[in-house]
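Presented below is the structure to which this report refers.
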Amino acid sequence: APVASSLCVRYTHRAVVITGGLLAFSGMVLGFLGLNMIWMYATTGFLQGLGISFSWTPAISIVSHYFSRKRALANAIASAGECAFAFTFGPFFQWLISQYGWKGALLIIGGIQLNICACGILMRPLSSSCFLESSCSETPSGSGASRIVKEDKSPTTHKTFNWMLLRQPEFVLYAIFGILAAMSFFVPPLFLVPLSYSLGIDESWTASLLSVLALVDFAGRLLCGWYANLHITKPVHLLTMTITLISTSLMLLPLANNYLSLAIFTGFYGFFFGATVAVHITVLADVVGMPDFDSALGLFMLIRSTGGFVGPPLAGLIVDMAGDYRAGFYMAGGTLVLSVGLLVTLDYFQQKKRRSQTNNKPEKSTLTYPSIHLLKLQ
């Protein structure tokens, strides 16, 4: 992710996305040869993973550059494709494997991923003048509009990757929040099906739980993006509320003892998870500002990925020690409770920073007579 962000800063989002599509396609096509396990790690693992990162990071970044006032809604709509993928492509991939074998499926999936290049071609780079026009068209006249234009004008002028973000307390707090959140978010999809089996739920009903999760996730993203666009609640406050509700849902989910109750708690988790996905990129933009957003997104994804790497094995270890799949959900909920504390601290730092900036504004002199002004200088 940092490499992708660095290339976006140096070149264009369009070029990086097209490169990512070619890398992902190459990884799947070369994996079709299936020479040995090391070959598969290098192709479908490393090469395709690099291509996906090169595609995903610039795609999320350029949406935030295109939109200012409606940024949360735009990110929600853009990320909704993940839900459509989870709902439709899982069964489709299984059908491909049954019809053409795993090698044929890899080749077809690689062809599908090649369409990333077509999406990248549509990502038109924004010049300074074009960016100003798009920002002005989105915002009402008055001081608010001029403020947003001033904030969003600068991303096109930064041509270096800003590693100094690691010295900003607000960014560090948000990155640690990302680690804790990622540790939790991978656990429910991993243990939801085994938990339902342990409750004696029929296999045909169990499969539908993931479909329920995808559908309510989709609804949560769109509704939260729409609500955030109303600017009633600060994005960081909205994120704090959704994380709190997710942790509550995960703590209550193990209480389910049949399919209906499990589906209800799964629905609550999926809805608030979708709401979190819709708003967390907007919070990152507010924390660092748009001039450093590309650099911040790359660093945030790199740091957050450690949580996704550690979370599932840790949850699996806890489940093995407890002998109960419910323990994994308790672990995920407890980790999110800790992350809420970081968001509250982040909001405190932001408010303190705003107050200090307000107090440090130079006051205009109200002295009328030059002699009095001279006396003040002396």
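Each residue's number is its place along the chain shown, starting with 1.
Placement of Cβ uses the backbone N, Cα and C atoms for every residue, glycine included.
According to TrEMBL, the feature domain 'Major facilitator superfamily (MFS) profile' maps to 1-351.
What TrEMBL lists as transmembrane segment is 15-39 (among others).
Residues or ranges marked as transmembrane segment in TrEMBL: 45-66 (among others).
Same-chain residues lying 6 or more positions outside the transmembrane segment (73-93) and placing a CB less than 8 Å from one of its CB atoms are 59-60, 63-64, 66-67, 105, 109, 210-211, 213-215, 217-218, 221-222, 224-226, 228-229, 274, 277-279, 281-282. As annotated by TrEMBL, transmembrane segment applies to 73-93 (among others).
The transmembrane segment annotation in TrEMBL covers 105-123 (among others).
Feature annotation from TrEMBL assigns transmembrane segment to 171-193 (among others).
What TrEMBL lists as transmembrane segment is 205-224 (among others).
The transmembrane segment annotation in TrEMBL covers 236-256 (among others). Remote same-chain residues near the transmembrane segment (236-256) are listed as 181, 184, 188, 195, 199, 224, 227-228, 262, 264-266, 268-269, 272-273, 275-276, 279-280, 283, 286, 326, 329-330, 332-334, 336-337, 339-340, 343-344, 346-347, 350 (criterion: CB distance under 8 Å, separation of at least six residues from the stretch ends).
Residues annotated as transmembrane segment in TrEMBL: 262-284 (among others).
Sequence annotations record features per position, and here TrEMBL assigns transmembrane segment to 296-315 (among others). Sequence-distant contacts of the transmembrane segment (296-315) (same chain, six or more residues past either end, CB-CB distance under 8 Å): 1-6, 53, 57, 60-61, 161-163, 165-166, 171, 174-176, 178-187, 190-191, 281, 284, 287-288, 328, 331-332, 335.
Proximity of distant same-chain residues to the transmembrane segment (327-349), defined by a Cβ-Cβ separation under 8 Å and at least 6 residues beyond the stretch ends, is recorded for 169-170, 173-174, 176-177, 180-181, 183-185, 187-188, 190-191, 195, 234, 236-237, 239-240, 243-244, 246-251, 253-254, 287, 311, 314-316, 318-319, 321. Residues annotated as transmembrane segment in TrEMBL: 327-349 (among others).
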- When you scan the chain for residues with a C-beta under 8 Å from the transmembrane segment (262-284), skipping those not six or more beyond its ends, what do you find? 60, 64, 71-72, 75-76, 79, 82-83, 174, 181, 185, 188, 192, 195-196, 199, 201, 208-209, 212-225, 228, 235-236, 238-239, 242-243, 245-246, 249-250, 252-253, 255-256, 293, 296-297, 300
- Query: Which whole-number mean pLDDT does the model give the domain 'Major facilitator superfamily (MFS) profile' (1-351)?
  - Reply: 84
